[in-house]
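A quick write-up on the structure given underneath.
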Amino acid sequence: MSSVMLQEAKCAYIIIIMAVYWCTEVIPLAVTSLMPVVFFPLLGVQSSKSVCLQYLNDTNMLFVGGLIVAISVEQWNLHKRIALRVLLILGVKPALLMLGFMIVTAFLSMWISNTATTAMMVPIVQAVLDQMDNTEYDVTMMEQATGQTNTVIELEEKNVLDPTSVSSEEKKMRKRVCKGMTLCVCYAASIGGTATLTGTGPNMVLKGQMNQLYPNNNDIVNFASWFGFAFPNMILMLVLAWLWLQCSFMGLNFKKSWGCGTERTAKEKAAYNVLKAEMKKLGPISYAEFNVLLMFVLLVLLWFSRHPGFVKGWAARLFPEGEKYITDSAPAVFIALLLFILPANKPKFIDIKKPFLSAPLLDWNVVQRKMPWSIVLLLGGGFALADASANSGLSAWLGHQMTPLGSIPPWAIATVLSLIIAVFTECTSNVATATLFLPVFSSMAASVKIHPLYVMLPGTLSASFAFMLPVATPPNAIVFSYGHIRVLDMVRSGIVMNIIGVFCVTLAINTWGRPMFELDTFPAWANSTANQ
């Protein structure tokens, strides 16, 4: 057996062990991610120096910078203010209320972690539903007392016969609405995370592995290009998910759900009042909140305008050879630095006794407590694996094994792979799923000569489609812990959600994805690595 073959086998051995550990979670995910640091050098696959460099590379720094900004948004409760403001604007008809919850959750989870978004939204949903239930009970009692029927006799009969049957029907309906409203939050959080590069772990895995496996890929996956591809897909998925949840939990009764031309019922008024009361508790927008909002908007603008693709971005215009030196991580960390410098209260020029500058917007202790370090390590471990499998020749070997797939049309390959990942991600961590599959997909693409992103993009998005089980992803677990939903409810809705997801991704990659990433041609940068 040649020494080259040995290299590949050793690398494969470590990857298989890590895959088993990640799937079974015998030790914490982050701890499994540290294995390459020990075993790649011991087995002579790669030097310690090159393995350790992967753990806080450019992509991970981008993730850390984005997370620090997200933590400051959470710290000052800005996400709650945005959520309540949007819900008050959209209105409280049952269908619109659900849409409102989904839009807000999806928007917030684009920027802050899916888990934090869900943890904040579920109590709001809960408060609104409780209030609607209490009001409904009062209204039923009132209606029975007055009754809108013609004759007294009819009314009396109604009073004798109906209350029990109405209430059991009502109870069933109420339960269904409750399930729908809470499920929509965890689904929207998972869908929203896919829309931005920093929204969820798998997206960062793709970015890091593209940089690793194809060093000269001209920054094809950056914040702006990812958003252009994934945002329309998110909107499509949200609308379909909303229609599906409407059908399965509330029934498509347009007059009732939409209230076309009807007045606001007492229930809706109650829901509106809850939202108003919550908004009142937050008080007027503070100096600190305004500053955090400003920083957040600035960061998003810097990300979009760095290298938009169709025009020269600020990186190239303001700095010599900027597009070569500056990546998305620079603005992320720059804004993170500013958050530790800018004051949380207005500087006081007049009052000499008080200190001139207040505490900064963000405190390191808070960041340390709220930062999901485990995901940072998980990403790092994944990049170390991808790097080792490329350098040891394992990727090339895997690619050769998959050459027969060349006879299948590329769109079919992409669809089948999306389905496999969507099933696999139900029982393993989303990041671990992406980490294990993406290097395999890239080597497969090289061997059958299709654009690597044609299979890697759908794979990455599908890794976020953990809709079926409470354990599949933290948002599902949070929603499940509130006790309105049985596992069976989640599985039933989740199967259709997975199908919707795979359908949307297949559509996206075969329509607007094609011209955006030039998926019909096999790029030169992908070729150079295959021949190494």
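Cβ coordinates are placed from backbone N, Cα and C, and glycine is handled just like the others.
Listed in TrEMBL:
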type	residues	note
TRANSMEM	12-43	transmembrane segment
TRANSMEM	82-112	transmembrane segment
TRANSMEM	180-200	transmembrane segment
TRANSMEM	220-245	transmembrane segment
TRANSMEM	285-305	transmembrane segment
TRANSMEM	325-344	transmembrane segment
TRANSMEM	375-399	transmembrane segment
TRANSMEM	411-441	transmembrane segment
TRANSMEM	493-512	transmembrane segment
Of 12-43, 82-112, 375-399, whichever stretch has the most CB pairs under 8 A to the transmembrane segment (411-441): 375-399
Might you confirm whether the transmembrane segment (220-245) is in contact with the transmembrane segment (493-512), defined here as three or more C-beta pairs under 8 A between residues 6 or more apart in sequence? yes
Quick one: do the transmembrane segment (375-399) and the transmembrane segment (285-305) reach 3+ CB pairs under 8 Å, ignoring pairs fewer than 6 apart in sequence? no
Beyond the flanks of the transmembrane segment (12-43) by at least 6 residues, Cβ under 8 Å: 51-52, 54-55, 373-375, 377-378, 380-382, 384-385, 388-389, 394, 427-429, 431-432, 435-436
Which residues of the chain, 6 or more past the ends of the transmembrane segment (285-305), have a CB below 8 A from one of its CBs? 69, 72-73, 75-78, 81, 111, 223-224, 227, 313-314, 328, 331-332, 334-335, 338-339, 342, 344-346, 361
With a Cβ cut-off under 8 Å, give me the same-chain residues at least six positions beyond the ends of the transmembrane segment (325-344) that come close to it. 58-59, 61-62, 64-66, 68-69, 72, 197-198, 219, 222-223, 287-288, 291-292, 295-296, 298-299, 302-303, 306, 315, 319, 357-362, 364
Take the transmembrane segment (220-245) and find every residue of the same chain, 6 or more past its ends, with a Cβ under 8 Å from one of its Cβ atoms. 98-99, 102-103, 106, 110, 180, 183-184, 187-188, 191-192, 194-198, 203, 206-207, 210, 303-309, 327-328, 453, 457, 461, 493, 496-497, 500-501, 504-505, 507-508, 512-513, 516-517
